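Annotated features, as they stand in Swiss-Prot:
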type: SIGNAL; residues: 1-21; note: signal peptide
type: CARBOHYD; residues: Asn35; note: N-linked glycosylation site
type: DOMAIN; residues: 40-159; note: domain 'Inhibitor I9'
type: DOMAIN; residues: 164-709; note: domain 'Peptidase S8'
type: ACT_SITE; residues: Asp193; note: active site, charge relay system
type: CARBOHYD; residues: Asn204; note: N-linked glycosylation site
type: CARBOHYD; residues: Asn255; note: N-linked glycosylation site
type: ACT_SITE; residues: His269; note: active site, charge relay system
type: CARBOHYD; residues: Asn412; note: N-linked glycosylation site
type: DOMAIN; residues: 432-528; note: domain 'PA'
type: CARBOHYD; residues: Asn441; note: N-linked glycosylation site
type: CARBOHYD; residues: Asn495; note: N-linked glycosylation site
type: CARBOHYD; residues: Asn540; note: N-linked glycosylation site
type: CARBOHYD; residues: Asn568; note: N-linked glycosylation site
type: ACT_SITE; residues: Ser634; note: active site, charge relay system
type: CARBOHYD; residues: Asn748; note: N-linked glycosylation site
type: CARBOHYD; residues: Asn767; note: N-linked glycosylation site
type: CARBOHYD; residues: Asn782; note: N-linked glycosylation site
type: CARBOHYD; residues: Asn823; note: N-linked glycosylation site
Amino acid sequence: MRRVLMVNFGVLLLFCFGVLSNSFGQDNGGDSDINSTTAVYIVTLRQASSLHLFQQEAEEVKRVRDQSKHGDTSKFTRPKLQPRNISRSRYWRSRRSAIAQAHDSLLRNALKGEKYIKLYSFHYLINGFAVFVSSQQAETLSRRREVANIVLDFSVRTATTYTPQFMGLPKGAWVKEGGYETAGEGIVIGFIDTGIDPTHPSFNGTDTSQRQYPIPNHFSGVCEVTPDFPSGSCNRKLVGARHFAQSAITRGIFNSSEDYASPFDGDGHGTHTASIAAGNHGVSAVVSGHNFGSASGIAPRAHISVYKALYKSFGGFAADVVAAIDQAAQDGVDILSLSITPNRRPPGVATFFNPLDMAMLSAVKAGIFVVQAAGNTGPSPKSMSSFSPWIFTVGAASHDRDYSNSIVLGNNVSIPGVGLALRTDEGKKYTMISALDALKNKSSVVDKDMYVGECQDYGSFDKDVIRGNLLICSYSIRFVLGLSTIKQALAVAKNLSAKGVVFYMDPYVLGFQINPTPMDMPGIIIPSAEDSKVLLKYYNSSLVRDGTTKEIVRFGAVAAIAGGQNANFSNRAPKIMYYSARGPDPQDSLFNDADILKPNLVAPGNSIWGAWSSAATESTEFEGESFAMMSGTSMAAPHVAGVAALVKQKFRKFSPSAIASALSTTSVLFDNKGEAIMAQRAYANPDQTISPATPFDMGNGFVNATAALDPGLIFDTSFEDYMSFLCGINGSAPVVFNYTGTNCLRNNATISGSDLNLPSITVSKLNNTRTVQRLMTNIAGNETYTVSLITPFDVLINVSPTQFSIASGETKLLSVILTAKRNSSISSFGGIKLLGNAGHIVRIPVSVTVKIASKQ
């Protein structure tokens, strides 16, 4: 008897969409009610999906026609389907209907007389459905011969004005694409996220130059129409928008008024990520009345299609996400951007075998480049939350702009801080008053300790004491949790006629990044607990008290706030952010490593300006604003999605792996000061605050948009290669067959991860010697390349050939022999650099972990 595979792991940012079906199945006379053991299951069937069947039949037609050209068709039967004579849309409609009917028939026959709710029928990327049933019914379904796999649905939750300049787009990649006026035009980027605010100028159907967008004829998506997403919300820029919440609705946790039963973004995250990748060029980013510059997406003329599957009140569920991926592929998106990661490793034979990664594998087979955030679970080794080689995983790095603020005390000590705030009057210092020393009821000890110091309640304070002075407030964990807000403290300070606000850090607030927050009055947040102690020590030592009563008779501490609305561009950058998830890539839940490099790349992800929804609530400090500054790998991924759109625009026939190769081999290893890129809490030196980054911190390096448009050589990987890799995993044959229909027993060419034709070489265990090969294709002109090596510690590298000439369109094989020089379990890193005489530089990082030398 086949067992039901129970998978229950959370995900750090997911969005979804699919073929919506809310069919309620009940056999005649059935009276068995759905009980407390019911749950949503994702069921995969053995029959191939529409996409796989279409491609198989198309290949068969081609084979017959090729044979006909040679005059021999006796051994072949012409397939019933001839893709040349039937439109894809007609084919998909017929297949969708047939597969959905088959799903309904299976459920009726298997669950006779019992109740169930089918949520979705998946037909395009995978053949299966999501269904709400009891555990006993799930067991019954698992015994059906048509059923390949049953997985318990799991919960999911959420995980630029300047960055185009920092990435060199205005004088580089945009110029190569004809300027920002055409950069990304004709390419559709799909976003699985929290939706979008269609009223934002970043998504207008005409850009700031009033040029209308063309119609992307290859795209067939639609726009939902609802009261809060009315007709006309979409245009030639925003070409598709849908929402999916069937799993949440079935569970009874969906609140339509709060979560918006439409593609409208009530959270803000989806609007932000979409604008980073493809927001219109030249949109003014005004926050709290201050203009912070003109915003632009990385591919400002690319089209956007939104698939909403995350919601502000509960997050989301995997069944909806799989449906979203399935629908996006049917619609014809070119790029798929997911700022999502599981917060626990998927159980089973390998991390790659889960419904999301398998759906994304089929999307890649359909020609879609899939970008995923690495996760914000760094900096620990093996904290990577995006696993599969067909997914392009992006970590987060800084850029050189910051909005520094500071406060100068009366003793001339300057303390750094954050806050997009006004400055106090130049050359003048103001008296500081602690909120705890300005209470109307000074005997309320509990309130003083627990709440009042956060300056959230106007009625607690004596206005006469605070008027015209700087109010000192505490920043506690309640701000992190959203129970207290900067915005409320500022409102209180204004009502009290304070001149400004100073927030000091509660010592219990550890490990949280405090982003610059908009303030419509002078203010500053001191993020360091140690610096906060300096402030408080000065303040307390400056108080003058009555010798008998100990009451304060004079506040002696004074200070001036420098303000933080002006940007500085002097930081050393990029550097890898501490929260960005690190490699090595975990192959399974037992901490075994995969021979796959993760992350693939890093991109700007820290303090990123992006469009913000008018109803957004994810960041209370930006509530009501049209732009917000956010940080995370969620912000890094759409940067790469935008660059991928530029690459796809130039090279229309590039496969997803070719795009990945172009992005990877051209990446940057040095910062703006010409030094090696650094990482906070780097993999090799986790105890040091900052040290040189390794491939396990930054993958191939920092994204280089301009160079990616002229990579010289590419390394292409096929769907069949991925199948050979999956079949090469010990014990994977049954699950590979269940998910893909591929029989590993008939696949003689199994390979390891290091044998995949990737633009990197990763070996988790080097036992004496291993030879790996890479097949290179020249997409530029004739060129001669010379090999340069950086040898990993304790590893010997031999590369053949050491020099080669390659014609345009030609392919050549590069052979690399790795030999362990001595036993070691410490990871070592190096690289292979191919220097072309026409100026191309192709970089291949080499990572080796465990090394076992031969006995002499």
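Cβ coordinates come from backbone N, Cα and C, glycine included.
Structural mapping of features recorded in Swiss-Prot.
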residue : record                           : Cβ neighbours (10 Å)
Asp193  : active site, charge relay system : 32
Asn204  : N-linked glycosylation site      : 20
His269  : active site, charge relay system : 30
Asn412  : N-linked glycosylation site      : 6
Asn441  : N-linked glycosylation site      : 11
Asn495  : N-linked glycosylation site      : 13
Ser634  : active site, charge relay system : 31
Asn767  : N-linked glycosylation site      : 12
Asn782  : N-linked glycosylation site      : 13
Asn823  : N-linked glycosylation site      : 11
Quick note, Asn255 (N-linked glycosylation site) and Asp193 (active site, charge relay system): C-alpha atoms separated, nearest Å, by 18
Length of the line joining the Cα atoms of Asp193 (active site, charge relay system) and Ser634 (active site, charge relay system), in Å: 10
Going by DSSP, give the three-state secondary structure for Asp193 (active site, charge relay system). strand
Asn495 (N-linked glycosylation site) and Asn767 (N-linked glycosylation site), distance between Cα atoms, whole Å: 70
Conformational class of Asn767 (N-linked glycosylation site) under the three-state DSSP mapping: strand
How far is it from Asn782 (N-linked glycosylation site) to Asn568 (N-linked glycosylation site), counting Cα to Cα, in Å? 44
C-alpha spacing of Asn568 (N-linked glycosylation site) relative to Asn441 (N-linked glycosylation site), in angstrom: 43
Identify, in sequence order, the residues in the chain of Asn568 (N-linked glycosylation site) that are 6 or more apart from it along the sequence and have a CB within less than 8 Å of its CB; answer 'none' if there are none. Arg401, Asp402, Tyr403, Ser404
Which of the three DSSP states, helix, strand or coil, fits Asn568 (N-linked glycosylation site)? strand
Cβ-Cβ neighbours of Asn255 (N-linked glycosylation site) (radius 10 Å): 13
For Ser634 (active site, charge relay system), which of the listed recorded positions (His269, Asn412, Asn495) have their CA atom within 10 A of its CA? His269
For the domain 'PA' (432-528), what does DSSP give as the number of helix, strand and coil residues? 34 helix, 25 strand, 38 coil
According to DSSP, Asn782 (N-linked glycosylation site) sits in coil
What is the pLDDT of the domain 'Peptidase S8' (164-709) when averaged and given as a whole number? 92
With His269 (active site, charge relay system) as the reference Cα, tell me which of the glycosylation sites Asn495, Asn540, Asn823 is the closest one. Asn495
Under a three-state reading of DSSP, tell me whether Asn204 (N-linked glycosylation site) is helix, strand or coil. coil
